[in-house]
Amino acid sequence: MPADTLTAGRTPATHAPGSGSLQRFARRRSTIAFLMTLPLLAVIVGLVAYPAGYGIYLSTLNRTMVRNIGFGNYEILFDTDTFWSVAWQSCIFAITAVLLKALIGFWLAHMLHHIPAKGQRKWRGMLLVPWVIPPALSTLGWWWMFDPTYSSINYVLSIFAVPAVPWLGEPIWARIAVIMVNVWYGAPFFMIMYLAAIKSVPEQLYEAAAIDGANGWQRLRYVTLPMMANIISITVLFSLIVTFANYDIVRVLTNGGPRDLTHVFASYAFQVGILSGNIPRGAAVSLFMLPILAVCAFFVLRGVTRRNKEQM
Amino acid sequence: MSVTTASSAGIYSKAGSLSRERRWAMWTAYASLILAAIIFLAPPVYMFITSLKSSGEIANMQGNPWLVRSPTLENYSALLGNGMFLRFFVNSAIVTVLVVAITMVISVLAAFALARMRFFGSQALATGVFLTYLVPDTLLFIPLYQIVGGLGLLNSIWGLVLVYPTLTVPFCTWIMIGYFASIPKELDEAALIDGASWSQMLLKIFVPVAMPGIIAATIFAFTVSWAAFVYPTAFVTTPDQMPLTIGIVSQLVRADTFAWGQIMAGALLAALPPVVIYAFLMDYYIAGLTAGATKG
């Protein structure tokens with residue numbers, strides 16, 4: 001308290017006379033602001049921007065990191081079949097998983113919005129659980145459910161007379177399994193985002209549409225979807241980035257197998273760079289994520305700024 | 001006749017005026033939600049069921065895997081008596097607490113400056129913060145591996161404390177900018193007239209008013225650093241420095257015959273802190289989740 005009154009008494013006195021001290025005040029303000037953002041700058045520059053640049057430099061070195069071989073690592077990667085299968089798998093994995101997550105998330109958000117408000121909280125709380133458990137740990141549970149000899153999923157399928165599925169043994173099923181786990185983990189996030197967006201659509205628009213004789217589908221198509229378009233694209237692009245760069249699910253579930261066919265960029269970069277010790281080539285692999293991430297990031301940023309302007 | 005009309009009228013009055021179409025929609029809604037809940041909750045429930053089975057029962061592999069015949073807590077007691085598992089827990093706790101503290105200090109200070117003090121490049125920096133949030137950890141872990149190695153912090157929880165802020169700081173700063181920007185300017189004008197300094201303004205006005213945002217950001221930082229997987233997998237290979245996620249995945253899953261019961265018990269125990277926080281602070285959790293795109 002005494003400190004308060006002290007500064008309260010002093011501060012007006014320092015910048016009372018004239019414009020000179022006012023200028024000083026402004027200067028002081030920007031100095032303070034700069035000091036306050038300094039730790040943030042240190043994190044962004046030191047731990048994100050510098051490593052990103054350093055990664056690009058690393059990818060031009062040879063295996064022992066003593067000689068610069070330009071694009072040598074990229075050329076070698078382009079010549080290996082494994083790399084191309086990794087690139088395909090990454091794209092198929094990310095696109096399929098994000099589409100499914102968006103559809104399921106939208107459907108569930110829509111359904112949640114329809115039930116009485118009292119029950120919504122409870123259901124929402126229950127359906128968000130997959131998102132809350134650290135994915136590396138819940139994937140362990142899925143791994144055990146996919147176990148070749150004692151798969152609990154196959155047990156459930158056998159009730160419906162479906163033959164046992166070799167989940168992680170065969171490439172195609174392993175790929176499906178990885179996508180399934182990712183969809184299971186990510187769909188609740190879409191649901192929450194879309195639910196928030198649906199709730200922000202003004203009720204009057206629906207009333208107006210109903211007066212004009214719109215049926216349920218038309219209300220969805222011409223009122224809900226246009227109002228949500230921005231948040232849908234932001235969420236999809238954001239999730240595309242995260243899914244494209246996913247590592248934990250592949251690492252725990254298949255570790256890239258069978259025959260390296262479920263590797264995505266991240267897990268392959270880990271395999272090449274850290275486990276096999278070829279750091280430059282690993283850096284080159286992970287940098288292949290950069291173009292698609294940059295494109296997505298550009299559109300996310302555009303969507304978010306547009307949204308901010310609308311809200312202001 | 002009159003009885004039936006009266007009772008049906010009673011039903012309708014109770015349920016509002018539910019037309020046939022709306023009742024159908026309601027049934028579809030509940031059916032999809034129940035189906036989704038079963039699928040979404042099946043893996044954690046099955047993990048729990050497995051964690052209650054003895055290794056003998058699991059090795060038997062007969063009958064319905066979803067049922068426990070003789071429930072036992074031996075997996076949990078084995079884990080809690082296992083020094084290595086407790087070590088993982090302590091490592092995770094130390095790293096997470098430190099990272100959350102560092103993150104909140106950095107992001108609250110920076111967000112205050114970016115939201116209120118216009119200065120050269122502040123707009124660009126705010127955009128930069130959001131862009132860094134979009135840079136995934138799997139893009140950076142190889143160069144960071146070299147950098148952390150150069151600092152001699154591989155195989156140490158301090159290396160993790162150093163790099164985890166890249167996961168948490170950008171998003172926390174971003175949502176704090178949003179929360180701070182939504183505070184009316186009149187409040188700080190009043191404070192300035194009363195002669196408050198910048199630090200007083202931050203601590204006595206912004207932090208209390210933006211408390212929901214701070215809680216949401218703290219929860220985010222906590223869950224992210226608790227669940228971090230890429231960095232510890234790359235940087236830590238000695239068991240006694242491992243946090244929980246990689247500890248369980250690499251150490252419990254190593255034996256030739258998998259101790260499934262223990263693995264599941266360990267995974268559930270490790271998932272407990274974020275789940276408990278979620279259970280008690282769900283609204284803040286969801287606010288933080290949706291804030292990235294809807295606010296700020």
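Don't overthink the numbers, they just go from 1 along the chain as shown.
Note that Cβ sites are derived from N, Cα and C of the backbone, with glycine treated the same way.
Per TrEMBL, the features are as follows:
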TRANSMEM  B:24-49  transmembrane segment
TRANSMEM  B:88-112  transmembrane segment
DOMAIN    B:89-281  domain 'ABC transmembrane type-1'
TRANSMEM  B:124-145  transmembrane segment
TRANSMEM  B:157-181  transmembrane segment
TRANSMEM  B:202-229  transmembrane segment
TRANSMEM  B:259-281  transmembrane segment
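Within the chain carrying the transmembrane segment (B:124-145), a Cβ under 8 angstroms from the stretch's Cβ atoms is held by residues 110, 114, 154, 163, 166-167, 170-171, 173-174, 177, 228, 230-231, 234-235, 292, all 6 or more beyond its ends. Outside the transmembrane segment (B:157-181) by six or more residues, the chain places 91, 94-95, 98-100, 102-104, 106-108, 110-112, 114-116, 126, 129-130, 132-133, 135, 137, 140, 144, 148, 151, 206, 210, 212-214, 216-217, 220-221, 224-225, 228, 231-232, 235-236, 241, 243, 288, 291-292, 295-296 with a CB less than 8 A from a CB of the stretch. Long-range neighbours of the transmembrane segment (B:259-281) within the same chain, counting only residues 6 or more positions beyond its ends whose Cβ lies under 8 Å from a Cβ of the stretch, are 44, 47-48, 50-55, 58, 74-76, 78-79, 85, 88-89, 92, 215, 219, 222-223, 226-227, 244-245, 248, 252-253.
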